[in-house]
């Protein structure tokens, strides 16, 4: 294929008025990428610099190639990187990179922008492998003072993209930090006359800060960088100012420990003054700066509470700033959007979020200035002041001690409830939110006789109001039920009939504007989950409502619906199924007579041509039915199996994870009878976990379900044991793919799933110790890993399972054959820590005591 032909394909795929031509062109491009990536990549880079090709085609060439190098899916990104490394020759790589760098300095900004993204994608693959070593020098040279504006801007943009997409622990970028910093500072300093260059430099700085730790640790370099950023906050251009404050937020987040002198010398006064800026964007960024300070100090306080020996130190910036910052925040609360239906983030919302963080950080110290503001404004003539007062009160419901909050809620609640009848929609919406905050954070302050009837009445009125008010009222009801249901006796059940009637009315809305209908269904789900026998009749009315509602949706002729109406119907069915699943789980004994009818409805829903949207919810409801019926569900398995296998095979879809969870539910329902299906299910699960295209969330889901199956089929799991243990060992030994929080969290999920698997395997083989014996050492190695990782051992459920495993294994081997494992220092220490840990539940401490007894028996053998 020639460059001209390839360019024509690109142009057709985006510019052709004929949809068939567009689709055909896209298909041909994808086919070429799959069949001959070397040619595809080369042609893309040639079109990018071909000035005879239309602008849109050139831009698309860069972006299409970029999208074949990186993906939001980490598995695909690894596959793309391997393809680039193995299928593209060194000569071709050099030519593609040369073409990308040529396009980067184009005077057409859209070409340069696309090239910057392409360069970052290539760098993301090459730099970690030590390739393209000259790139950083090129970037520095491109940002020199003598370079044209367009070259500097585009090169800084590329640097920002590189840093944004890279692994935070990338040694390639850390080792290039000097060059990165030189390039950025050249563009960010006040001597740079171009706004576009300065803005690009500041944005790149925000993305690069994590890689310049070594530079920030050197006082001279840190001082100079802080000077450049502080000067930028005083620029005449609003965008540059806002970007500079964005950098200060990131600097405070990453380098809090160095910030004391800068706060004292400049940042404190600078940010206080700038909070009064008439420009909302700049004021918002300044508020964000103080939010960042609060977040850091909250984290430090938590760290010091958990680990008193930690070297971290809090400078209490927020606490010492209350008298200056909080009054400004309170004033900013009155700068709301004029349009009550405008939900765009604004400076008022930023101030409210910041006030919440100040309350969490400073506790009772926040009360005086806020309550004074509330008292002065809650009955003001201007709706902005009334709304701000209610927002301020709701924002301090988490932080000060409960005695103080309870006292002030008693005083303020009558006035707040009155505002549910306000003429201003904004005031009513925020009032409903404020009541929800009270119910969530300090529900015990709502006196059952004095306040609760008024709160419930306010919610019932709000459910019939504007959708935004109704949504907040549903949330308030959820909080009331969750927080008050545990009381003995609970006052909330007296109001169940009225609340359910109100929610059913809201759930019958014809639309879901501002999520009002869905919120009502969520509240109904909560009502079901917390219902007791005293409100059985009311619970039955929810069951009747959702069954009738589901029947109504099933009778709709979907062929006559517009796309928007069809989506609304699917959304409604999803909401109904969520409540129905809760009803089924809550009343398992009443399910059997209607099980055939329910399964018939579920099969009809799965048969719909566009069932993908609700498939997950249908599976969740069927799981609830399986759990309720127990072994009685087996009669549906033959009919249901094709749907289950279809879902399991959709390894790139969330429904596959739900389907895996369904297997766990089925194995728990059928117990030992699940052995009849274990061969087929284990085969499918093994294929899923080894599929390179599978969603990565599948791995922990599948590992965990192995434990469910093992615990239920017992000795019949032995034929799979060797293969499953190999998978578990591989999983427990894998390292995070990078240093991002997402990657670290995923690794924790995988390790927790391995623990689930081991717990199930040990439980299932309790009568077959000889089968487990070869793997005891492996399991103990894993428990040691848990005992050493604070992210694992600090979790109550995780430590309970791990020490329980130590005890369970000991009980299986009363002959002393595994005695050597129980004398290890870490075993003694871990059991002791778990038994005496203040943060652990009594159940976990009891499990640790039992494990200690089992350990002592082992050592006495």
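Glycine is no exception: its Cβ is also placed from the backbone N, Cα and C atoms.
Considering 74, 194, 794, 836, the record held by Swiss-Prot lists 836, annotated as phosphoserine. Cα of residue 2 (N-acetylserine) to Cα of residue 836 (phosphoserine): a distance of 73 Å. Cβ atoms under 8 Å from those of the repeat 'HEAT 5' (177-208) belong to residues 136-137, 139-140, 142-145, 149, 152-157, 159-161, 163-164, 214-215, 221, 224-225, 228-229, 231-232, 235, 237, 239-240, 243-244, 246-247, 250 of the same chain, restricted to positions at least 6 beyond its ends. When other Cβ atoms within 10 Å of the Cβ of residue 836 (phosphoserine) are tallied across all protein chains shown, the result is 10. Note on the repeat 'HEAT 9' (367-395): residues 322-323, 326-327, 330, 333-336, 348, 352, 355-356, 359, 404, 408, 412, 415-416, 419, 422-424, 426-427, 430-431, 433-434, 437-438 of its chain, located 6 or more positions outside it, place their CB under 8 angstroms from a CB of the stretch.
For the domain 'Importin N-terminal' (25-106), the number of residues in each DSSP class (helix H, G, I; strand E, B; coil) is 65 helix, 0 strand, 17 coil.
The highest tally of CB pairs under 8 A with the repeat 'HEAT 13' (536-586), across 219-255, 592-629, 773-812, is held by 592-629.
In the three-state DSSP reading, residue 836 (phosphoserine) counts as helix. For the repeat 'HEAT 5' (177-208), the number of residues in each DSSP class (helix H, G, I; strand E, B; coil) is 26 helix, 0 strand, 6 coil.
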